[in-house]
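Asks: Structure incoming, see below.
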Amino acid sequence: MASSSVPPATAPAAAGGPGPGFGFASKTKKKHFVQQKVKVFRAADPLVGVFLWGVAHSINELSQVPPPVMLLPDDFKASSKIKVNNHFFHRENLPSHFKFKEYCPQVFRNLRDRFAIDDHDYLVSLTRSPPSETEGSDGRFLISYDRTLVIKEVSSEDIADMHSNLSNYHQYIVKCHGNTLLPQFLGMYRVSVENEDSYMLVMRNMFSHRLPVHRKYDLKGSLVSREASDKEKVKELPTLKDMDFLNKNQKVYIGEEEKKVFLEKLKRDVEFLVQLKIMDYSLLLGIHDIIRGSEPEEEGPVREEESEWDGDCNLAGPPALVGSYGTSPEGIGGYIHSHRPLGPGEFESFIDVYAIRSAEGAPQKEVYFMGLIDILTQYDAKKKAAHAAKTVKHGAGAEISTVHPEQYAKRFLDFIANIFA
């Protein structure tokens, strides 16, 4: 796209999204909300500001074009770009020169639909208020203001891996009807500010947008070097590992039917990863203590969330959109407020798709959030070299983390099958 001097876009009002009901509900038509322009917040960080400006621009552009009847091979290679030079509008919000690129926009649009996430809700959840910076194992990690989406800064190699596996991933999501423990990839972007490229991957948050997690584990099924460091353990919410899980005699207390469904889904997902020669993935386990969660907490400081951006600064002037599926203006998690209040430990499974409540009569009243993470590592020459080095160090029979994809999968599934009471 040719260079241009343009004002920043505002996000269109939220429209579209899931219908009422609890459990795995399907979308139902509702009355339209009165549309209000949703302002993109003022970002102190130029990178975040450009990213959210770009997402608003992208969703506006997509809204002008009907979804394709079917995706073509070229859709998995496509991208949309915009370059802005000599930008003087709202200089406190955006740098004067920047570029934004969205990878495979029609593919991710289709994936969002298959994961029952409306584009307008996606936009509002990302752009209405500032995302929070949170701790990640590597790279930058942001969480949307409503805690439904995570934005992970990844490497160019990760983007290349995503590109090479995106067609297979999409086919798998179609085949399983979006019912999976894999990460729900919702958008992939490049942001260029001051001649530096940053790559952002947007996913659904595996944890709840309203139930806080009190304990967290990253489980790989390996026992070598799989204990949280002392530095990690003193954090408010440390990421504990396999040895910590065993040493604490931790167990997951869910019903037999839920366990059966979960393990069948996990096995199917892992078999898919083996086909792609992917390994080194983990099961992310978050535990919400219902008793602890029902205790009143002190209110924290109120964040400044007002935007300084004018509501009329629309890129290319697309109109605010009204969808046939009404949602509240708060984004992905917002519609829930129009239904009955949720009690302690209750959740909306249409939003908290990775959640399972503990069984009746379990010794602990808990909610578990379980999903697969770090699924981009393929078994290549680098991994083979690491495996050889670890074999020399620990011996061929040691429970080391770096093994062949088939071995990794078997060890992983065996370990996870034993985390349940």
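Each Cβ is built from the backbone N, Cα and C atoms, and glycine gets one as well.
What Swiss-Prot records for this protein is below:
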MOD_RES   ALA2  N-acetylalanine
MOD_RES   SER26  phosphoserine
DOMAIN    43-420  domain 'PIPK'
REGION    69-75  region 'Required for interaction with PIP5K1A'
MOD_RES   SER349  phosphoserine
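Relative to the rest of the structure, where do these features sit?
Replies: Broken down by DSSP into helix, strand and coil, the region 'Required for interaction with PIP5K1A' (69-75) contains 3 helix, 0 strand, 4 coil.
Annotation note: SER349 (phosphoserine) sits in a coil segment as assigned by DSSP.
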Asks: Under 8 Å between C-beta atoms and at least six residues away from its ends: which parts of the chain pack against the region 'Required for interaction with PIP5K1A' (69-75)?
Replies: 104, 106-107, 110, 167, 170
Asks: Enter the number of other CB atoms within 10 angstroms of the CB of SER349 (phosphoserine).
Replies: 14
